[in-house]
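Asks: Sharing a structure, written as structure tokens. Questions coming.
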Amino acid sequence: MFGDYEAQRHWQEVTYNLPIRQWYFNSSDNNLQYWGLDYPPLTAYHSFLCAYVAKFINPEWIALHASRGYESPEHKLFMRTTVLIADLLVYIPAVVLYCCCLKEISIKKKIANALCILLYPGLILIDYGHFQYNSVSLGFALWGVLGVSCDWDLLGSLAFCLAINYKQMELYHSLPFFCFLLGKCFKKGLKGKGCVLLMKLVCTVVASFTLCWLPFFTEWEQTLQVLRRLFPVDRGLFEDKVANIWCSFSIFLKIKDILPRHIQIIISFCFTFLSVLPACIKLILQPSPKGFKFTLVSCALSFFLFSFQVHEKSILLVSLPVCLVLNEIPFMATWFLLVSTFSMLPLLLKDELLMPSVVTVMAFFVACTTFFPVFGKTSEEELKLKSFCISVRRYLPRFTFLPKLIRYLFLTSVITMLLLTLMTVSLDPPQKLPDLFSVLVCFISCMNFLFFLLYFNIIIMWDSKHGRSQKKIN
């Protein structure tokens, strides 16, 4: 159906030509099987705004029915321009301000950090090549991170509510926000200032959601239909070749065919809940901006690996918080961001984005290795693993090889990704296994992500011990 480029164009067509009550309903003018709206109201309002500009430039771009499948260089330029404007208004200012707020580093390092984050290839390729607006929801989420980290809790909550109301996948970040703010309330005391803060946060969330959803609260059926579109459980456990545990495991056992849908939902919920639980509990008991950032990574990665109905593009929700810790763990963050881009290879090749992928990945890698001592920062302390290694050495005194092991794993990972990319673009798969290379990309990426999930959880769970021992040393 002409790809996501047509989806974005079609949403502009629908929102401009149909009344708001018909946007999410199936009709002769709005066939939901043909790229029906399946994002929250803010995405629909954004499409409506873009459609007004498109109508002014060329009415053919959004003509009802007649514009289906429309494609031209001028319209592609228009679509990419709308992405750039969204970046300039929401995402780029958030990245720049975040880097300016980083403490204990020079101005030069702050500029380098911002440049590396903005050069992250995954987001550039998906938004400008695959025609998406992920930078809007991720930008709002980043404004939320800035807000709650700087004690502007109400503004941070408002920004994150806007992120969720733009793309429902921002729920990947919701638990860390909830736990961090709840931990702050507990710390202030629920019988005093903490209770006041909690009530203010509740009012902010309710008010922001009410304003975003107001046109769809006129009828109960309207609200239900929007929710059904946002959470389409009928689509199954995963879509296409996504590098999560369910798609990778289906190589050996076809879970989607064996288990009923409701059992799949229960299993995915249990795995997701159990994998996020330790980090979330730790964040409630010991709320800190640093712990919050690492918990964002851990929870988003857990949702990507174990939750129901995951897309390949959802890895961007993990990549954003990883970008936020690029300055703290440059080696591991750079490695993760390379793997996250590689995991979308089948999607990028489908959109004929091989050359842009090579160029953007090389630019990002060169920037990271130039501005950060990526390969020099691999000691236990620089990998944030010193506290963990000390704990293990109490029982295994010879446990001193972890940094070397991680360096070998990095080398193996990079070589595997390079070889598999070359094979995918230069060789034809066997006739009996037409999806061989796509499945291998998915499986290799998933193994990498499981390792990263373990790594980030180790950092989270051993963080306070390291902090206390460091204070004693000082």
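From the backbone N, Cα and C atoms, a Cβ is placed for every residue, glycine too.
Positions annotated as transmembrane segment by TrEMBL: 77-99, 111-128, 140-164, 197-216, 265-285, 315-338, 358-376, 405-425, 437-462.
Looking at the shown structure, can you explain where the listed features end up?
Replies: Taking Cβ pairs closer than 8 Å, the transmembrane segment (77-99) reaches residues 5, 8-9, 46, 50, 53-54, 57, 61, 110-111, 113-114, 117-118, 127-128, 131-133, 135-136, 138-140, 142-143, 145-146, 324 in its own chain, all 6 or more past its ends.
Long-range contacts of the transmembrane segment (111-128) within its own chain (CB-CB distance under 8 A, at least 6 residues past either end) are made by residues 80, 83-84, 87, 92, 95-96, 98-99, 102, 105, 134-135, 138, 313, 315-316, 319, 323, 326-327, 337, 340-341, 344, 348, 353, 356-357, 360-361, 363-364, 367-368, 371-372.
For the transmembrane segment (358-376), the residues of the chain that approach it from at least six positions outside its boundaries are 109, 112-113, 115-116, 119-121, 124-125, 326-327, 330-331, 334, 337-338, 341, judged by C-beta separation under 8 angstroms.
Below 8 angstroms of C-beta separation, residues 331-332, 335, 338-339, 342, 345-346, 349, 354, 378, 383, 437-438, 440-441, 444, 448, 451 of the same chain, each at least six residues beyond the ends of the transmembrane segment (405-425), sit close to that stretch.
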Asks: Between 140-164, 197-216, 437-462, who has the most Cβ pairs under 8 Å to the transmembrane segment (265-285)?
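Replies: Answer is 437-462, with the largest number of Cβ pairs below 8 Å.
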Asks: So if I exclude everything within five residues of the ends of the transmembrane segment (315-338), which remaining residues of that chain have a CB under 8 angstroms from its CBs? That is, six or more out.
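Replies: Residues 98, 102, 105, 109, 113, 116-117, 120-123, 126, 134, 138, 141-142, 145, 169-170, 172-173, 243, 290, 293-294, 296-297, 300-301, 303-304, 344, 361, 364-365, 368-369, 372-375, 377-378, 382-384, 406, 410, 413-414, 417, 448, 452, 455.
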Asks: Using a Cβ cut-off of under 8 Å, list the residues of the same chain at least 6 residues beyond the transmembrane segment (140-164) that approach it.
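Replies: Hits for the transmembrane segment (140-164): 40, 42, 90-91, 94-95, 97-98, 101, 170-171, 173-174, 177, 180-181, 184, 197, 200-201, 204-205, 208-209, 212, 289, 292-293, 296, 320-321, 324.
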